[in-house]
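Trainee: There's a structure below that I have some questions on.
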Amino acid sequence: MNTASFRLKRRGTILSRNAKMAADLGELLVPYMPTIRVPRTGDRVFKSECAFSFDSPESEGGLYVCMNTFLGFGREHVERHYRKTGQSVYMHLKRHVKEVPAGGGAIPRRRNGKVFLDLELNRDFNGEDYEYEDEAKLVIFPDHFEIPLPNIEELPALVTIACDAVLNAPSAYKKQEPESWEEEIQVSRHARSLRQLDNGVRIPPSGWKCQKCEMRENLWLNLTDGAVLCGKWFFDGSGGNGHALEHYRETNYPLAVKLDTITPDGADIYSFEEEEAVLDPHVSEHLSHFGIDMLQMQKGTENGHHTDNKPRPRVSEWEVIQESGMKLKEVYGSGYTGIKNLGSSCYLSTVMQVLFSIPDFQRMYVGNLQRIFDYSPLDPTQDFATQMAKLGHGLLSGQYSKPPMKSELIEQVMKEEYKHQQKGISARMLKALVSRGHPEFSSNRQQDAHEFLLHMINLVERNSAGSENPSDVFRFLVEERVQCCQTRRVRYTQRVDYCIQLPAPFEAASNREELLAYEVKRKEAEENMRPPPEPVRARIPFTACLQAFTEPENVPDFWSSALQAKSAGVKTSRFASFPEYLVVQIKKFTFGVDWVPKKLDVVIDVPDFLDLNRLRATGLQAGEEELPDLMPPIVLPEDTRGMLNQLLKTPEIDEAAVMQLAEMGFPLEACRKAVYYTGNMGPEMAFNWIIAHMEEPDFAEPLTLPSMIDPGPSAGDSPTGAALLGNSPPEESIAILTSMGFPRTHSIHALKATNNNLERALDWIFTHPEEEEESDALSDMADTEPNDNAFSNANSHSDSTLSPDGDASGPRVKDGPGRYELFAFISHMGASTMSGHYVCHIKKEGRWVIYNDHKVCLSERPPKDLGYVYFYHRLSSS
């Protein structure tokens, strides 16, 4: 009895103590309750990475998630957020990772399993190597009071709900990843009873092509009659002309197998009748009917990207560029941090590695790190400067690129194993920011590294207004000289650019005879349905690329102002200034006759040192005569002229509305103008016009309509033109142009430039498109399509950066001698920019280093002749 009483008393004491603790925690959190939020739909919870660094729950200090903004902060940065916002309550997340002892055979397990639900791992876990344990607690600043979680009974209900929602919320960027839509593939109802024709068709092991269009990619074998036909055209430029589907519509033969997917394990099969991918349990028998032995087939893929049935040199290209087969020495420390591949994001990684190897970018973002972080907005994940500084610090600090401990190495050598791998950092936060709104870069598809470089330069320019602009190092002026072939007169113009594009002239290949012999063998193999010969790669001298770049090119539809008619014209381009850092793109990508993007298989002996001084522009030379500064006549579209004539007809004015306004006491002529300019929309609209214009000096003047007749010489043709341009155009003329959709300021400029002649003003508007605002111009630069100009034309329409003396007449350039040394190049492997892989090589401390996603190693044989984009820095004049 006494024992029972003691137990009851002890239980009561424990309950009392728990109740007191719960009450204490409730009282402690009361002042902060208004700042604690429950994540709503659309809120992003940043619980896998710090907004200012690459700290994560696996880092030594863990990660602090603000319970109001749901932003994540490492231990070094959470105090800054507290001071700036006054937010006091954070959830501290910590993941403890342990290596399983050898022979343990344990699988990775996590205690407190619900705590970190949906949190990505920041390393590649081998199921038998690691185990991890998660820990979470609330931390109240500034006293760092900690409340372990879960603590459901002792916390207020709102806090418990908020904590649970944060812990179970998906990662901020996981929402952007496409959800898996794969469904279980069903067996086709035609598989068991498929009828196959005994037509003697036998399919060779290679050399396939579409029977209707001779395409060699995306080929499908019809399992009824053995017809080999191309598939659909895809959004990324791959695919075919849909002949396989046409064949089904003609024959109703339902099943087809994709030829380059046949392996001993199966194949990709499509049912045209069922309109979906299907399974065929008898596919081996169905294929053997056409002489195909599945056991002898190998699936044609390379790193997840399908290739066609021809043996390509791409395999060797992959090996050469990545320096496969060599024991490359890993390097660690400042400037030697890799970037994880987020899935076809290597184009971003290579460009950012090169940019942050340039001192101007290092100084702008890493040198100003504390200032950028201190003045960052409340949401630093959406601030360009903050995310650039974060990535730059991650790459250059060496904090995320530390060599293994000596004791660890000794232990691994004793065990005869080596597990340590470079981890690299994730550029997910920056990628989400810089690709936002861009149809291509925001996708998970592979992109063109050159286009992304121009896109980044544009963003840097837009976000550097009023401060140092590191992209100035790439900017240079291009002088274009156009000559009329008939009159020999010339015109010189200048524009801004950031990159030169060098053609790869096949006709200049040093192994031209070898290429011609290969082409003969290839055609013979095609005709005889034999496997094609081993491809031959064209070797093109770099001097030939430069020569092709400097040669004059024809100007299509050239209009000679000297002849006042179309004529033949040629254009040459030269450097009006040389940039501090020169970007050279080799034009390796083109479109075939079928509009499928293809890559030219070439090697170019790109030199380490480059002297371009001979390409310096010279301007107008003695004896040259300039073309008159006249614009070609503009033929207006019929609908535009009809609209203008309609507007210039004698106006129909609602006299009833005029009298209604006049009865209010307004001048009669003012009422007529009000009704006319509001398009007879009624007295109420006209009344509003009167109120808005009654202070104007000509308010009560009679309504006068502009004339289509030329009032006399234009301002440009008259010595007094400047005076005429100072006069304000008639409001009636401005109203007509603005009613056609042209901006008011642009309409005024047009009328002033044409002495208020409406028809000529309309011509002027069409020949002088309105200047876009700087931000719009910059954001559009990277979206320009590839062109045939020798220069990239990335920013030819924008002079957003001024010269050093502040003169708005020209952009700021860092001119100097045209002598350069190669310091980096980006290489591409694959058939087109929409697939494959990028790596970059950068020369640091006198040695070449290869950056292949998260792996950073000393390069043994940098493949300079297989590069795609090359980066040179200017040599000092000494």
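Positions of Cβ are set from backbone N, Cα and C atoms, glycine also.
Straight from TrEMBL, here's the annotation block:
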- 186-294: domain 'UBP-type' (DOMAIN)
- Cys210, Cys213, Cys230, His243: Zn(2+) binding site (BINDING)
- 337-875: domain 'USP' (DOMAIN)
- Cys346: active site, nucleophile (ACT_SITE)
- 652-693: domain 'UBA' (DOMAIN)
- 728-768: domain 'UBA' (DOMAIN)
- 770-813: region 'Disordered' (REGION)
- 770-786: compositional bias 'Acidic residues' (COMPBIAS)
- 787-803: compositional bias 'Polar residues' (COMPBIAS)
Trainee: C-alpha of Cys210 (Zn(2+) binding site) to C-alpha of the residue listed as 'active site, nucleophile': distance in Å?
Mentor: 33
Trainee: Show which residues of the chain containing His243 (Zn(2+) binding site), separated from it by at least 6 in sequence, have their CB under 8 Å from its CB.
Mentor: Cys210, Gln211, Lys212, Cys213, Leu229, Cys230
Trainee: For the recorded positions listed here (Cys210, Cys213, Cys346), which one has the lowest count of neighbouring CB atoms within 10 Å of its own CB?
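Mentor: Cys213, out of the recorded positions Cys210, Cys213, Cys346, has the fewest neighbouring Cβ atoms within 10 Å.
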Trainee: Centre the Cβ atoms of Cys210, Cys213, Cys230, His243, go out 8 Å, and tell me which other residues of that chain have a Cβ in range of the Zn(2+) site.
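Mentor: The answer, listed by sequence position, is Gln211, Lys212, Glu214, Met215, Leu219, Leu229, Gly240, Asn241, Gly242, Ala244.
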Trainee: Around the Cβ of Cys230 (Zn(2+) binding site), how many other Cβ atoms lie within 10 Å? Please give the count over every shown protein chain.
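Mentor: Total other Cβ atoms inside 10 Å, all chains included: 26.
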Trainee: Taking helix as H, G and I and strand as E and B in DSSP, count the residues of the domain 'UBA' (652-693) in helix, strand and coil.
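Mentor: For the domain 'UBA' (652-693), the helix, strand and coil counts are 29 helix, 0 strand, 13 coil.
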Trainee: Based on DSSP, tally up the residues of the domain 'UBA' (728-768) by helix, strand and coil.
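Mentor: The breakdown for the domain 'UBA' (728-768) reads 29 helix, 0 strand, 12 coil.
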Trainee: Just to confirm my parser: what is the rounded mean pLDDT across the domain 'UBA' (728-768)?
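Mentor: Value for the domain 'UBA' (728-768), mean pLDDT as a whole number: 76.
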